[in-house]
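Annotation comment: TrEMBL describes 12-34, 46-64, 70-92, 104-124, 130-151, 163-185, 191-212 as transmembrane segment.
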Amino acid sequence: MAFSADHWAFVFGVLGNIVSFIVFLSPLPTFYTIYKKKTAEGYQSIPYVVALFSSMLWIYYAFLKTNTTLLITINTFGVFIETIYVGFYLFYAPKKSRVQTIKMLSLFVVGGFGAIILVTQFLFKGAIRGQVVGWICLIFSLCVFVAPLGIVRKVIKTKSVEYMPLLLSVFLTLSAVMWFFYGLLLKDINIAAPNILGFIFGILQMILYVIYSKKEKAILKEQKLPEIQKAEVIVKDENMNTNNKFPELTQEQIIDIVRLGLMVCKDKVHVATCPHGTTCEAKVDENLPKLQTVEV
């Protein structure tokens, strides 16, 4: 039995739900890193704020259309998980980043979403209302895919992929493919169109990750210094503890020490030569400091 367009739309919708579920969970390693560092410094909250706003819009759009149950299910989960992400970010963010995030929440979630509901409910009716909300969803879906470009800019500037979540880029690309076919089979341009751009941006992010991760590894390899091993020798003597360790002296070092001793003796001690092997006294330089006698 051949599948109709509606059947295939349901299949891609289910696959889209599965992949999108993974997309919503993909930032978990990023937030685990934030938890370990006890700070969100260096990370941006705008992708999560925009994703939260977009999920709220798609739920509103799905209620205005028919045969869009799969949109409601996944975006309900999206609102739930993105709210947790934003709250977690606010808890660990520096003061400046926290203020910026609160401003974005006020602008998008409170002011923006509230204004859209009021305007569309009072100014538009029937199918026109659905079309207007659909175009608004299309625009902000593009913003969801464009939002990570701020991280892309940072990767290019710093030549480091530390703050680029690779899993998010991979699963956003897969999600874009699934939802594109879902919208295409339902003949809903508002669903299909933004996912074309999402696929392009996802591929771009993965290419940049591969390029700069290789460069970062090469730099770290060049900066690695070889380890220098110091030779040690154990000196054994009957009157000494066999466990004492002394650094080994080379033959050149021993000669230098002997020469230094001879130079000191030559400058400070004048020895009288005595004929016939008689005992003679050494004339010591009076400038030498007197040594204290220590009784043992």
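Glycine is treated like the rest: Cβ placed from N, Cα and C.
The stretch in 46-64, 70-92, 104-124, 163-185, 191-212 that contributes the largest number of Cβ pairs under 8 Å to the transmembrane segment (130-151) is 46-64. With a cut-off of 8 Å on Cβ pairs spaced 6 or more residues apart, the transmembrane segment (46-64) and the transmembrane segment (191-212) reach fewer than 3 such pairs and are scored as not touching. Each of 12-34, 104-124, 163-185 was scored by its Cβ pairs under 8 Å to the transmembrane segment (191-212), and the highest score goes to 163-185.
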